[in-house]
(Lines of atoms letter the chains of each structure in order from A and count residues from 1; the text may use other names and numbers.)
(Lines give C-alpha, C1' and ligand atoms only; values in the text may rest on other atoms or scores of the structure.)
Protein backbone atom coordinates (compact mmCIF):
# COMPACT_ATOMS: atom_id res chain seq x y z
CA UNK A 1 0.00 0.00 0.00
CA UNK A 2 1.01 3.64 -0.21
CA UNK A 3 3.00 5.37 2.53
CA UNK A 4 3.70 9.06 3.34
CA UNK A 5 6.03 10.92 0.95
CA UNK A 6 6.05 7.98 -1.47
CA UNK A 7 7.49 8.88 -4.89
CA UNK A 8 7.20 5.62 -6.82
CA UNK A 9 4.35 3.28 -7.60
CA UNK A 10 3.01 0.80 -5.06
CA UNK A 11 4.59 -2.65 -5.02
CA UNK A 12 3.15 -4.82 -7.77
CA UNK A 13 0.98 -7.69 -6.56
CA UNK A 14 -0.41 -8.94 -9.87
CA UNK A 15 1.14 -9.83 -13.24
CA UNK A 16 -0.74 -6.93 -14.84
CA UNK A 17 0.72 -4.41 -12.39
CA UNK A 18 4.21 -5.79 -13.01
CA UNK A 19 3.72 -5.25 -16.74
CA UNK A 20 2.42 -1.72 -16.12
CA UNK A 21 5.46 -0.86 -14.01
CA UNK A 22 7.82 -2.19 -16.68
CA UNK A 23 5.96 -0.16 -19.32
CA UNK A 24 6.16 2.93 -17.11
CA UNK A 25 9.94 2.54 -16.78
CA UNK A 26 10.27 1.88 -20.53
CA UNK A 27 8.29 5.00 -21.46
CA UNK A 28 9.99 7.16 -18.83
CA UNK A 29 13.41 6.24 -20.22
CA UNK A 30 12.34 7.28 -23.73
CA UNK A 31 10.89 10.57 -22.46
CA UNK A 32 14.07 11.28 -20.48
CA UNK A 33 16.31 10.69 -23.51
CA UNK A 34 14.15 12.89 -25.75
CA UNK A 35 14.04 15.67 -23.15
CA UNK A 36 17.81 15.54 -22.71
CA UNK A 37 18.35 15.77 -26.47
CA UNK A 38 15.96 18.71 -26.83
CA UNK A 39 17.58 20.59 -23.94
CA UNK A 40 21.02 19.95 -25.43
CA UNK A 41 19.95 21.31 -28.83
CA UNK A 42 18.35 24.37 -27.23
CA UNK A 43 21.52 25.08 -25.25
CA UNK A 44 23.58 24.83 -28.45
CA UNK A 45 21.25 27.24 -30.24
CA UNK A 46 21.55 29.76 -27.41
CA UNK A 47 25.32 29.56 -27.04
CA UNK A 48 26.75 28.99 -30.53
CA UNK A 49 27.49 31.84 -32.93
CA UNK A 50 27.40 29.60 -36.01
CA UNK A 51 24.29 29.95 -38.17
CA UNK A 52 23.31 28.65 -41.60
CA UNK A 53 21.69 31.69 -43.19
CA UNK A 54 22.03 30.34 -46.72
CA UNK A 55 20.31 26.99 -46.13
CA UNK A 56 17.06 26.81 -48.12
CA UNK A 57 16.12 23.18 -47.41
CA UNK A 58 17.52 20.05 -45.81
CA UNK A 59 15.70 16.98 -47.07
CA UNK A 60 17.94 14.54 -45.20
CA UNK A 61 17.24 16.23 -41.88
CA UNK A 62 13.51 16.46 -42.66
CA UNK A 63 13.45 12.74 -43.44
CA UNK A 64 15.20 11.91 -40.18
CA UNK A 65 12.90 14.04 -38.02
CA UNK A 66 9.89 12.41 -39.67
CA UNK A 67 10.98 8.78 -39.44
CA UNK A 68 12.62 8.94 -36.00
CA UNK A 69 9.55 10.21 -34.09
CA UNK A 70 7.38 7.63 -35.88
CA UNK A 71 9.75 4.85 -34.78
CA UNK A 72 9.73 6.16 -31.20
CA UNK A 73 5.92 6.23 -31.14
CA UNK A 74 5.84 2.63 -32.37
CA UNK A 75 8.24 1.60 -29.59
CA UNK A 76 5.80 3.13 -27.10
CA UNK A 77 2.59 1.91 -28.73
CA UNK A 78 3.42 -1.79 -29.16
CA UNK A 79 3.99 -2.59 -25.45
CA UNK A 80 0.96 -0.47 -24.56
CA UNK A 81 -1.32 -2.40 -26.94
CA UNK A 82 0.01 -5.68 -25.57
CA UNK A 83 -0.83 -4.68 -21.99
CA UNK A 84 -4.29 -3.44 -23.02
CA UNK A 85 -4.98 -6.84 -24.56
CA UNK A 86 -3.77 -8.61 -21.41
CA UNK A 87 -6.01 -6.46 -19.21
CA UNK A 88 -9.11 -7.29 -21.27
CA UNK A 89 -8.38 -11.00 -21.59
CA UNK A 90 -9.74 -13.46 -19.04
CA UNK A 91 -9.54 -17.24 -19.36
CA UNK A 92 -11.60 -19.64 -17.26
CA UNK A 93 -12.16 -17.55 -14.12
CA UNK A 94 -12.64 -19.67 -11.02
CA UNK A 95 -14.90 -17.10 -9.38
CA UNK A 96 -17.15 -14.20 -10.36
CA UNK A 97 -17.85 -11.31 -8.01
CA UNK A 98 -20.39 -8.61 -8.83
CA UNK A 99 -19.46 -5.18 -7.46
CA UNK A 100 -22.01 -2.37 -7.21
CA UNK A 101 -21.16 1.21 -6.32
CA UNK A 102 -23.51 3.28 -4.17
CA UNK A 103 -23.44 6.68 -2.55
CA UNK A 104 -21.28 6.03 -0.58
CA UNK A 105 -20.39 2.38 -0.11
CA UNK A 106 -19.76 -0.79 -2.13
CA UNK A 107 -21.81 -3.96 -2.26
CA UNK A 108 -20.48 -7.35 -3.35
CA UNK A 109 -22.18 -10.52 -4.55
CA UNK A 110 -20.40 -13.83 -5.10
CA UNK A 111 -22.47 -15.11 -8.01
CA UNK A 112 -21.13 -18.68 -7.77
CA UNK A 113 -22.58 -19.01 -4.26
CA UNK A 114 -26.16 -18.76 -3.08
CA UNK A 115 -26.90 -15.83 -0.77
CA UNK A 116 -23.27 -14.79 -0.39
CA UNK A 117 -23.48 -11.02 -0.60
CA UNK A 118 -22.79 -8.07 1.69
CA UNK A 119 -22.30 -4.31 1.84
CA UNK A 120 -18.92 -2.80 2.62
CA UNK A 121 -18.86 0.50 4.55
CA UNK A 122 -15.92 2.52 5.76
CA UNK A 123 -15.22 2.19 9.49
CA UNK A 124 -15.52 5.64 11.14
CA UNK A 125 -12.36 7.04 12.69
CA UNK A 126 -13.78 6.80 16.22
CA UNK A 127 -14.36 3.05 15.81
CA UNK A 128 -10.90 2.14 14.53
CA UNK A 129 -8.80 -0.34 16.47
CA UNK A 130 -5.07 0.20 17.14
CA UNK A 131 -3.07 -0.37 13.97
CA UNK A 132 -6.00 0.12 11.58
CA UNK A 133 -5.77 2.71 8.83
CA UNK A 134 -7.87 5.87 8.82
CA UNK A 135 -10.29 6.21 5.87
CA UNK A 136 -9.18 2.84 4.46
CA UNK A 137 -10.68 0.17 6.73
CA UNK A 138 -14.09 -1.40 6.02
CA UNK A 139 -16.51 -3.48 8.06
CA UNK A 140 -16.64 -6.28 5.44
CA UNK A 141 -13.56 -7.12 3.40
CA UNK A 142 -13.67 -8.79 -0.01
CA UNK A 143 -12.05 -12.18 0.57
CA UNK A 144 -10.66 -13.81 -2.58
CA UNK A 145 -8.36 -16.76 -3.34
CA UNK A 146 -4.83 -15.87 -4.39
CA UNK A 147 -3.00 -17.06 -7.54
CA UNK A 148 -6.28 -17.71 -9.36
CA UNK A 149 -8.09 -15.63 -12.03
CA UNK A 150 -11.19 -13.92 -10.65
CA UNK A 151 -13.69 -11.97 -12.72
CA UNK A 152 -15.09 -8.75 -11.26
CA UNK A 153 -18.32 -7.42 -12.78
CA UNK A 154 -18.57 -3.75 -11.88
CA UNK A 155 -21.54 -1.40 -12.12
CA UNK A 156 -23.32 1.33 -10.16
CA UNK A 157 -26.75 1.88 -8.63
CA UNK A 158 -26.75 5.67 -8.81
CA UNK A 159 -23.88 7.83 -10.14
CA UNK A 160 -20.46 7.24 -11.68
CA UNK A 161 -17.95 5.50 -9.43
CA UNK A 162 -14.60 3.86 -10.11
CA UNK A 163 -13.38 0.65 -8.44
CA UNK A 164 -9.60 0.95 -8.06
CA UNK A 165 -6.89 -1.05 -6.28
CA UNK A 166 -3.49 0.41 -7.31
CA UNK A 167 -1.23 -2.47 -6.18
CA UNK A 168 -3.21 -4.86 -8.40
CA UNK A 169 -3.21 -2.49 -11.37
CA UNK A 170 -7.00 -2.17 -11.29
CA UNK A 171 -9.16 0.85 -12.08
CA UNK A 172 -12.54 0.16 -13.65
CA UNK A 173 -15.41 2.62 -13.98
CA UNK A 174 -18.72 1.74 -12.33
CA UNK A 175 -21.38 3.18 -14.66
CA UNK A 176 -25.15 3.00 -14.03
CA UNK A 177 -26.85 0.70 -16.54
CA UNK A 178 -23.56 -0.70 -17.81
CA UNK A 179 -21.55 -3.74 -16.72
CA UNK A 180 -17.76 -3.50 -16.89
CA UNK A 181 -15.34 -6.38 -16.35
CA UNK A 182 -11.95 -6.64 -14.69
CA UNK A 183 -9.62 -9.50 -13.83
CA UNK A 184 -8.17 -9.87 -10.34
CA UNK A 185 -5.12 -12.04 -9.76
CA UNK A 186 -2.77 -11.78 -6.79
CA UNK A 187 0.68 -13.34 -6.53
CA UNK A 188 0.74 -13.28 -2.74
CA UNK A 189 -1.61 -13.16 0.25
CA UNK A 190 -2.34 -9.99 2.15
CA UNK A 191 -4.57 -6.94 2.45
CA UNK A 192 -4.75 -4.61 -0.52
CA UNK A 193 -6.37 -1.21 -0.26
CA UNK A 194 -8.09 1.00 -2.79
CA UNK A 195 -10.67 3.76 -3.01
CA UNK A 196 -13.36 5.09 -5.30
CA UNK A 197 -11.46 7.01 -7.99
CA UNK A 198 -14.30 8.99 -9.56
CA UNK A 199 -15.83 12.08 -7.94
CA UNK A 200 -19.26 10.82 -6.87
CA UNK A 201 -20.53 13.31 -4.33
CA UNK A 202 -19.82 14.80 -0.93
CA UNK A 203 -18.65 11.52 0.64
CA UNK A 204 -16.55 10.37 -2.31
CA UNK A 205 -13.46 10.18 -0.09
CA UNK A 206 -15.16 7.70 2.24
CA UNK A 207 -15.57 4.72 -0.13
CA UNK A 208 -12.54 2.52 0.58
CA UNK A 209 -11.95 -0.92 -0.92
CA UNK A 210 -10.17 -3.71 0.95
CA UNK A 211 -9.27 -7.00 -0.72
CA UNK A 212 -8.08 -9.85 1.47
CA UNK A 213 -6.23 -12.37 -0.68
CA UNK A 214 -5.88 -15.77 1.01
CA UNK A 215 -4.93 -19.34 -0.02
CA UNK A 216 -7.76 -21.33 -1.59
CA UNK A 217 -8.24 -23.53 1.50
CA UNK A 218 -8.86 -20.50 3.73
CA UNK A 219 -11.20 -18.99 1.15
CA UNK A 220 -13.29 -22.16 1.09
CA UNK A 221 -13.53 -22.12 4.89
CA UNK A 222 -14.54 -18.44 4.85
CA UNK A 223 -17.19 -18.91 2.16
CA UNK A 224 -18.66 -21.89 4.04
CA UNK A 225 -18.91 -19.81 7.21
CA UNK A 226 -20.63 -16.95 5.36
CA UNK A 227 -23.37 -19.03 3.71
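Yeah, the Cβs are placed from backbone N, Cα and C, and that goes for glycine too.
Taken from Swiss-Prot, the feature Cu cation A1 binding site covers 161, 196, 200, 207. Long-range neighbours of residue 196 (Cu cation A1 binding site) (same chain, six or more residues apart, CB within less than 8 Å of its CB): 101, 104, 161, 162, 163, 164, 204, 207, 209.
Taken from Swiss-Prot, the feature Cu cation A2 binding site covers 196, 198, 200, 204.
Residues or ranges marked as Mg(2+) binding site by Swiss-Prot on the basis of similarity to another entry: 198. In the three-state DSSP classification, residue 198 (Cu cation A2 binding site) falls within coil.
Annotation source Swiss-Prot lists phosphotyrosine at 218, citing similarity to another entry. Reduced to three states, the DSSP call for residue 218 (phosphotyrosine) is helix.
Sequence-remote contacts of a segment are chain residues at least 6 beyond its ends whose Cβ falls under 8 Å from one of its Cβ atoms, and for the topological domain 'Mitochondrial intermembrane' (1-14) they are 20-21, 24, 133, 136, 166-170, 184-188, 190-193, 213. The feature topological domain 'Mitochondrial intermembrane' is assigned by Swiss-Prot to 1-14 (among others).
The topological domain 'Mitochondrial matrix' annotation in Swiss-Prot covers 46-59.
As annotated by Swiss-Prot, topological domain 'Mitochondrial intermembrane' applies to 88-227 (among others). Taken through DSSP, the topological domain 'Mitochondrial intermembrane' (88-227) splits into 21 helix, 61 strand, 58 coil.
The transmembrane segment feature in Swiss-Prot is assigned to 15-45 (among others).
Panel annotation: around the transmembrane segment (60-87), residues 15-16, 19-20, 22-23, 26-27, 30, 34, 169, 182-183 of the same chain, lying at least six beyond its termini, place a Cβ under 8 Å from a Cβ of the stretch. Residues or ranges marked as transmembrane segment by Swiss-Prot on the basis of similarity to another entry: 60-87 (among others).
Taking Cβ pairs closer than 8 Å, the transmembrane segment (15-45) reaches residues 9, 72, 75-76, 79-80, 82-83, 86-87, 166-170, 183, 185, 187 in its own chain, all 6 or more past its ends. Helix, strand and coil counts from DSSP across the topological domain 'Mitochondrial intermembrane' (1-14) read 0 helix, 0 strand, 14 coil. Within 8 Å of the centroid of the Cβ atoms of 161, 196, 200, 207, where the record puts Cu cation A1, the same chain has further Cβ atoms from 101, 103, 104, 106, 162, 174, 195, 197, 198, 201, 204. In this structure, the CA atom of residue 200 (Cu cation A1 binding site) is 35 Å away from the CA atom of residue 218 (phosphotyrosine).
Across the topological domain 'Mitochondrial matrix' (46-59), the model assigns an average pLDDT of 75.
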